[in-house]
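A short write-up of the structure that comes next.
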Number of protein chains: 2
Amino acid sequence: MKKPLILVTNDDGITAPGIRVLMDIANEIGNVIVVAPDSPQSGMGHAITVDNTLHINKISNESNGIAQYTTSGTPADCVKMAKNEIIKEKIDLCVSGINHGGNSSINVLYSGTMSAAIEAGIEGIPAIGFSLADFSWKADFEPIKPFIKKIIAEVIRNGLPEGVVLNVNFPKLQQNEIKGIRICRQAKAKYAEKFDKRQSPFGKEYYWLAGEFECLDKGEDTDVWALQNGYISVVPVQFDLTAHHAIQQLNTWNL
Amino acid sequence: MKKPLILVTNDDGITAPGIRVLMDIANEIGNVIVVAPDSPQSGMGHAITVDNTLHINKISNESNGIAQYTTSGTPADCVKMAKNEIIKEKIDLCVSGINHGGNSSINVLYSGTMSAAIEAGIEGIPAIGFSLADFSWKADFEPIKPFIKKIIAEVIRNGLPEGVVLNVNFPKLQQNEIKGIRICRQAKAKYAEKFDKRQSPFGKEYYWLAGEFECLDKGEDTDVWALQNGYISVVPVQFDLTAHHAIQQLNTWNL
C-alpha cells in the first residue's frame, strides 16, 4: 500500500520542539513534507497575507531526510502555499502542531495551529491540530506520542466527515495519569481581559494583553472538563459558522 | 430613553472611508465611541497580539464630536481594549466596518471585520459586521445607508440570540436595484489559489497570494446566492465551532 503523504505545519514556527516531535511521528506513518512559518505566529487566528509579499525557503534536510520548507506567512498561508505551490501530489493528511500551549474552548478562534488545520479542511484535506497544555519550550511530549499516533491512524482509517477537522488537546500529565481520549464539544468560555499598562523608557504608555481564561460552562461533555479530569479532548470543528438555529428567529424580524 | 452606547470599529483602519460612514450612521442612533486599528488589517482573521506590546492613541475629535481612539492592534485587539481599557460604561452594540470588500461565505474566517464582531459577541455585546462588495476606497456607500440603519435598529429592538453575531454583506448596486434583505446561511466555497511568482530587484523569488473565489454551493438560501441576485445577505454567525453532528460518529472510533 502506498504510504500517505502528510503535510506537517504549526504556528510556533519551524524551530519549535513541538513540530520536530510531530514530524517524527508522521514520518513513521507516511511520507512527510513540512511547510511551517519561519517565525512564531501564536495568536494569529485565521490571518492570511493579502497586503504583503510571501517568501518560501527550502531548508536543508536534516538527518531524518524530511523535506522542509519555511514561509514568511501565517499558518493559513503555509497550508495554501504547500497545497498550491510546493506540493504537486495529493496531500492525504495535514497535521498541525504540536502547539506549545492549549487550544481548547474559545482558543480555537485565536489559534494559528487550528487555523492551519481549518485551512487544510477548506481545501478538502483531512486535518488535525494537536496542542499540549504546556507553554514551555522544554515541554515533555513523550507521554502523548502514542496517543498522537493512534489518533492519526484512526483519521487515516476512517477519514473525517466533510467540512470537519479535529482539535486535539492534551493535558500536561504523565502517560499513566492520562485516562483516555474523549470526543467533546467546545466549552463556552471567554477571557477576563486585563491589560497590563506600562511605560516605555521614553515615558510613553503601552500595554500587554494579560487576560485570564474564564470557563462559563458546567457541562461534562466539554473539552475543558475533559482536560481538567485527565482526558485528552478531541473536538470536531467546522468552518460553516452559520448559526442555523437562529435563521428562523431572524426571519420574523421586520427587515 | 437613554441612547445606546455604540462601539464602532473596523479592519481597514481609522482612515478608511467606510468607518466614517458607519460612525455617522451610528451617531444618529446612539452615543458613539470609535476604537479602530491605526493601520489597515485586512485578512487578519481572528488574530490577537500576544507576543508584542499594544498602544492606544486618543485622536482629536473632529467636527462630529465623536470620541475616537486608534490602537496598534488587530480588530479583535481593538474590541478587547475598548471593552476592558477604554470604555467604562456598558457597551450596548458593536458595529464593525463598513468593510471595503465583501465578506460573504468562507471569507468570514479571514475577515478582520467579522473577527471584531465575533470578539464583541464573545464579550456578550450584540454585534454586526458590515461589508460592501467593492474594494475601492471611493466606494459609494450612499445606497446602503438606509439598510444599515434599519438593521441596527432591528438588532437594538430585538437583541440577538446568545452566541450569535451578524455578518451583513451588501451587493454593489444602486438603491433602486437592491431587492431587499435576506437571512442566509454561509455558502460553501473555497479559493482556487494561485500564487503570483515574481523576482525582487535582487533576484530573489517572492509571491503574491492571488486566489479566485470558487462557490461550491448551488443552494438558493446562501449569502452568495443572495448577493448575486440583488439582495443584501444577513448570516447569523456563531463562535461555537463544534461540529455537533460529528460527535456521535467519532464516538464509534477505536480511540
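Glycine too: its Cβ is placed from the backbone N, Cα and C atoms.
Within A:Asn64, A:Asn84, A:Asn99, the residue that TrEMBL lists together with A:Asp11, A:Asp12, A:Ser42 for binding divalent metal cation is A:Asn99.
Chain B comes close to none of the binding-site residues A:Asp11, A:Asp12, A:Asn99, judged by a C-beta to C-beta distance under 8 angstroms. Comparing local CB density within 10 A for the binding-site residues A:Ser42, A:Asn99, the maximum falls on A:Asn99.
Considering other CB atoms within 10 Å as the measure, the emptiest surroundings among the binding-site residues A:Asp11, A:Asp12 are those of A:Asp12. Same-chain residues with CB within 8 A of the center of the A:Asp11, A:Asp12, A:Ser42, A:Asn99 CB atoms, the divalent metal cation site residues themselves not counted, are A:Asn10, A:Gly13, A:Ala16, A:Gly18, A:Pro40, A:Gln41, A:Pro75, A:Gly97, A:His100, A:Gly101, A:Ser111, A:Gly112, A:Thr113.
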